[in-house]
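What TrEMBL lists as transmembrane segment is 77-99, 131-156, 168-185, 191-210, 222-241, 253-273, 285-307. Annotated domain 'Peptidase S54 rhomboid' per TrEMBL: 126-274, in sequence order. The active site, nucleophile feature in TrEMBL is assigned to Ser195. Sequence annotations record features per position, and here TrEMBL assigns active site to His258.
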Amino acid sequence: MVEGGPRTMAADHDLEMEDMNLNMDRDMEGELEEEKEMREDGGREDPFKSKKVHRVVSKWMLPEKVRRTYLERANCLPPPVFIISVSLAELAVFIYYAVWKPQKQWITLDTGILESPFTYNPEKREQAWRFVSYMLVHAGVQHIVGNLMMQLALGIPLEMVHKGLRVGLVYLAGVIAGSLASSIFDPLKYLVGASGGVYALMGGYFMNVLVNFREMIPAFGIVRLLIIILIIGSDMGFALYRRFFVPADGSPVSFAAHVAGGFAGMSIGYTVFSCFDKALLKDPRFWIAIAAYFACVLFAVFFNIFLSPAN
């Protein structure tokens, strides 16, 4: 009896372990079935919802601590209307000036866009809409293709996460900052292109990657930063070429919008994109950024009225 006691206890222990393993296997199978049913229900409830897409977007656009909140309420309603609409408008204007307006060559536009009512013209600054509408006009194929690729690749996932109102606020803040900065630092030059808005989106995203570097896919963090730097470097190089090395029969175009749009994104854009799970209007950082932005706008308006060499 004494010798059989430990063996019986060991056998009982083995049986208990087997039961526990079986129960764990059943629980895991149940969880998998439950998750499958939830996915199927989710697909029936919201045909526009794709959890796989949203998971990828959340990893690239949000730090880890707020991804769960995003995934719980993620949907494509409304779809990224703002960035797609702006891109289509820019493409339509480019096609109009490339095809229906007389051009020496449509790869690099000149005559048509300089006479356009959309282009920022330092001699027509009283037409205030030009400080915004210049974003619709582009100087050539390289110019528009670069801007469209960047704003669609970055703007669509940003709008999926933050929605059109916030993305539109950042984009237009960069556009206005770009034209006002150009009117101050390059006051006698024309300005075309959506680079101010594009750089605002990139600036806001870039700051979020820097601040939340360890939480936004650490394995790809450095790669993302290098890609952003490469895109910015190539685009800035092209902008500097258009400004300083333009052919003798061409017209130089200002590049100040790139820099100003980037700074707008690094201030307002960073604040907006870092408030995913918070009320934006209750964040003091947002009001500080807005106050600084409007102070710069007022100074630029004062400069254009009283101090600009273009007067």
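Cβ atoms here come from the backbone N, Cα and C positions, even for glycine.
Nobody curates TrEMBL annotations by hand; they come from automatic prediction.
On a predicted model such as this, the values are computed, not experimentally measured, just so you know.
Taking pairs at least six residues apart, the transmembrane segment (191-210) and the transmembrane segment (253-273) share three or more Cβ pairs below 8 Å and count as touching. Put simply, of 77-99, 168-185, 222-241, the stretch with the most CB pairs closer than 8 A to the transmembrane segment (131-156) is 77-99. Counted as Cβ pairs under 8 Å, contacts with the transmembrane segment (253-273) are highest for 168-185 among 77-99, 168-185, 285-307. Taking only the Cα positions, the spacing between the residue listed as 'active site, nucleophile' and the residue listed as 'active site' is 6 angstrom.
Every protein chain shown contributes to the tally, and the Cβ of His258 (active site) ends up with 23 other Cβ atoms within 10 Å.
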